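Colleague: Sharing a structure below in structure tokens format, with a few things to ask.
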Amino acid sequence: MSGASNDGYGQYPPQQPGDHQQQPPYPDQAYDNAAPVAPGHAADHGRKKKRQYAASAFDVGVGGNVVAGGQPIPGAAPYGAPAAVPAYGGYPAQPEVQPAAYGAQPAQPYGQPAAVSGYQAPDPYYPSAGAVPAPGGVAGLTAGFQGMNLGAGAPGGIPQQQPQQLPPQARAGPLNQLYPTDLLNQPFNVSELDLPPPPIILPPNASVTPSPDANCLPKYVRSTLNAVPTTHSLLKKSKLPFSLVIQPYAALHDLDDPVPVVQDQVISRCRRCRSYINPFVTFLDHGHRWRCNMCNLTNDVPQAFDWDAAAQKSVDRWQRHELNHAVVEFVAPQEYMVRPPQPLVYLFLFDVSYASVSSGLLATAARTIEASLDRIPNADRRTRLGFMAVDSSLHYFSVPKDTDENGETSMLVVSDLDEPFLPVPGELLVPLTESRRSIENFLTKLPKMFEHNQDNGSCMGSALRAGDKLISPLGGKLVVLSASLPNVGHGKLTMREDKKLLGTSKEGSLLQTAATFYKSFAVECSKNQVSIDMFLFSSQYQDVASLSNLPRYTGGQTWFYPGWNAGRAEDAIKFASEFRDYLSSEIGLEAVLRVRATTGLRMSTFYGNFFTRSSDLCAFPAFPRDQCYVVEVAIDENLTKDVVCMQTAVLHTTCNGERRIRVMTLALPTTTNLADVYASADQAAITTYYTHKAVERALGSGLDSARDLLQKTITDLLQTFKKELAGGSMGGGLQFPSNLRGLPALFLGLMKHVGLRKSAQIPSDLRSAALCLLSTLPVPLLMQYIYPRLYSLHDMPDNAGIPDPETSQIVLPPPLNLSSEKFVPYGLYLIDDGQTQFLWVGREAVPQLLVDVFDVADRTQLQVGKATLKELDNDFNERVRAVIQKSRDHKSKGVGSIIVPHLYIVREDGEPSLKLWAQTLLVEDRADQGLSYVQWMGSLREKVSS
């Protein structure tokens with residue numbers, strides 16, 4: 001199946017050679033008949049024969065994938081035959097003319113390109129989809145343009161538009177149909193989390209061009225509702241949230257995710273609401289004017305809109321990027337600049353206290369920066385770097401230019417922490433291009449300068465103030481690398497961890513900032529266009545709760561490495577790899593984000609790491625590429641249009657000194673029908689919204705309040721659905737739409753997450769760091785962080801762990817639900833939440849498996865804990881390593897991230913604390929005061945029926 005991402009991520013195994021049946025039309029069927037070759041009789045296909053690690057002691061083929069359908073039970077129907085189990089949504093497979101359940105893919109032979117995930121054509125869902133358009137479709141569109149004299153000889157030389165077909169999102173047909181499912185009898189399957197959101201079905205000719213890219217892809221902007229209620233009262237009645245999840249960048253580098261760029265600086269905007277021209281406007285008056293799709297005002301089309309100034313010739317309007325693509329980037333003219341574009345500035349604040357030096361942090365950080373100098377964006381040769389060292393004093397470094405023959409880096413020490421002055425400010429920020437050799441020499445010597453430092457003090461707060469003062473004339477990034485609690489000077493913090501408070505109602509106080517300095521200083525930095533990123537490494541209490549305020553209000557991020565020590569190769573490699581990618585990432589500077597919408601809609605609340613400068617303007621001194629943002633939408637007036645639009649614009653300076661505006665336009669149909677609203681709700685976007693809401697609640701009112709919010713929300717949704725759409729009667733079941741079937745499991749995962757769960761064992765630093773991730777991770781990574789991935793490796797299908805012949809991407813085994821019921825004692829499993837990976841070795845794993853994967857014959861010799869899997873010369877080891885690596889691959893998930901998860905080897909009969917930690921990721925099991933999935937569903941049924 002060439003499905004959502006065409007790369008094996010969350011895919012089912014492709015068809016084996018020799019099979020000619022079509023792909024089953026339902027994911028569950030594909031899932032239940034995934035491997036045509038019986039265990040132990042795998043066809044060779046020119047590769048080494050697959051080993052059966054359980055065969056020596058147990059029935060062949062019994063294991064995790066059997067539960068999921070990875071290996072068929074002997075005597076099962078051949079691949080492609082109708083499945084015995086109900087199809088997705090709990091309904092029998094229907095004839096082709098009937099609409100299939102939400103999420104079903106069209107039946108098609110393997111190798112045939114599938115519809116792109118996201119807003120694909122609704123062909124598989126509706127009988128009317130793809131039918132010849134009725135009069136008034138394409139013909140009407142063309143006739144309309146002819147009536148406007150937009151033929152080849154029209155004034156201005158605008159050629160006549162001749163669309164070949166309707167765009168995929170503008171087919172005729174009803175909105176998504178509602179498919180109720182019984183959550184108790186047809187439980188959630190983890191593979192459903194890989195399905196695209198319900199399709200956005202717009203009326204014919206909603207966009208001005210027939211481009212397939214006219215509407216925004218969900219990887220950039222996704223709505224919790226893909227059909228919008230026309231009234232506030234209907235939205236309120238639904239109990240569903242209406243919000244946008246916005247991730248303007250899908251990769252760390254433009255090359256990995258290019259978007260069309262409008263270079264000619266002709267930017268047409270609405271005079272009243274300031275929206276940018278987009279595929280959903282309409283043209284009037286022979287194409288000389290356009291009507292805004294947000295506020296309905298008629299605007300003049302700029303004279304240069306149909307003219308190429310560089311080539312001095314007229315151009316085809318209908319080829320312009322902004323009329324064909326929902327996501328475009330405009331090169332901004334002079335009026336979009338308050339001052340000349342700022343250069344990229346990094347000021348590194350090194351903790352050089354005893355804790356930092358002894359853990360190897362200083363040496364590793366200096367070495368990584370030195371090795372990454374070529375990767376720091378510097379295309380315009382204006383990038384500047386500065387360096388400060390911090391213990392109980394401030395150490396400034398003046399790095400000379402390479403042309404200074406006798407130039408030596410000089411260190412200046414300042415001990416006055418209350419009003420730290422800047423010695424020779426002009427020499428502290430040096431151009432990378434002009435001082436490259438001197439910077440390398442300095443970074444080589446830096447660890448030696450402090451190798452015998454016994455100072456335990458850290459005046460990081462004072463250092464931050466000095467750093468802000470130093471770079472605020474230009475703006476830029478303060479990069480903090482700290483292994484100790486700031487204990488002297490401004491923002492001094494004390495050890496406040498109190499184990500007696502953990503797990504109590506007072507625990508929330510430990511998650512709030514201990515000093516007002518950190519928020520007020522962060523807001524000041526934001527005004528100065530200074531962003532702060534924190535890399536925190538302490539093995540002791542570090543007050544992540546206070547320090548994380550600095551990135552939270554300045555568009556930065558907090559990275560936490562508990563118990564980090566460079567003496568462990570895995571620790572050193574993880575940080576060096578992540579820091580290297582961090583330094584090479586392209587970022588936006590001096591950025592602001594604003595969302596505009598159709599009249600009647602208003603952006604009411606904003607969530608994410610930024611400072612809200614006015615009611616609807618989010619300010620980012622630096623705009624990262626690995627975070628997402630949530631905006632709540634209010635319906636202030638009744639909506640009278642069939643389609644509403646929301647347009648996100650990010651004005652920023654690129655690393656290369658170019659001012660640009662990235663514009664993302666999302667169009668959604670409206671409805672007066674509650675069933676349409678539920679049938680078009682996006683469970684991943686809803687979960688993301690409530691994650692941000694729960695984090696806000698945890699930081700403001702405490703963890704109990706956050707968990708109560710989630711419990712109440714899911715109960716309200718189930719009760720509303722029962723009362724309004726299930727006829728008030730459910731019998732003994734629990735009805736919910738099939739497209740929201742994963743919501744209870746996701747909410748349970750969130751309530752049991754390390755950031756939110758009730759426990760007296762979780763240090764507050766660990767919780768605070770988890771809350772930072774919960775409120776910033778892009779949707780695919782957040783879903784995995786809340787509901788981790790579980791793969792059975794000992795019996796994975798033959799094609800797993802090797803490249804797909806068509807896409808060349810490694811194929812992953814089918815994911816399993818997070819329950820210990822999926823485990824067998826001789827199994828090998830990978831549990832991966834995107835931040836940490838656990839390789840679980842069963843207590844009865846056979847020697848051959850241990851030899852092939854770990855190169856040890858006896859399980860007791862297996863080293864548990866942080867590890868790097870050895871490269872061994874056998875087929876199975878190679879496949880296991882490929883699966884581990886592929887599971888870490890962010891690009892295939894359509895996101896940018898620097899995270900490289902640690903790999904822990906866990907023996908079922910080994911280190912108890914490590915085993916318990918891995919088991920906390922099994923969301924559907926009962927653990928640490930948390931309900932199992934079965935208990936959770938039972939309690940929800942009681943609440944809903946009471």
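Every residue gets a Cβ built from N, Cα and C, even glycine.
Look at Swiss-Prot and you will find 1-52 tagged as region 'Disordered'. Annotation comment: Swiss-Prot describes 7-23 as compositional bias 'Low complexity'. According to Swiss-Prot, the feature region 'Zinc finger-like' maps to 270-295. Taken from Swiss-Prot, the feature Zn(2+) binding site covers Cys270, Cys273, Cys292, Cys295, and the record attributes it to similarity to another entry.
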Colleague: Within 10 Å of the Cβ of Cys295 (Zn(2+) binding site), how many other Cβ atoms are there?
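Modeller: Summing over all protein chains shown, Cys295 (Zn(2+) binding site) has 16 other Cβ atoms within 10 Å.
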Colleague: Does anything in the same chain, at least 6 positions from Cys270 (Zn(2+) binding site), have a Cβ under 8 Å from its Cβ, and if so what?
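Modeller: Expected: Cys292, Met294, Cys295, Leu297, Asn299.
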Colleague: Just to confirm: which same-chain residues, 6+ apart in sequence, have a Cβ under 8 Å from the Cβ of Cys273 (Zn(2+) binding site)?
Modeller: Cys292, Met294, Cys295, Leu297, Arg596
Colleague: Please list the DSSP helix, strand and coil residue counts for the region 'Zinc finger-like' (270-295).
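Modeller: The composition, in the requested order, is 3 helix, 7 strand, 16 coil.
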Colleague: Around the Zn(2+) site recorded as Cys270, Cys273, Cys292, Cys295, what other same-chain residues have a C-beta within 8 angstroms of the site's C-beta center?
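Modeller: Leaving out the recorded residues gives Arg271, Arg272, Arg274, Ser275, Asn293, Met294, Asn296, Leu297, Asn299, Arg596.
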Colleague: Let me check the 10 A CB neighbour count of Cys292 (Zn(2+) binding site). How many other CB atoms are there?
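Modeller: Summing over all protein chains shown, Cys292 (Zn(2+) binding site) has 26 other Cβ atoms within 10 Å.
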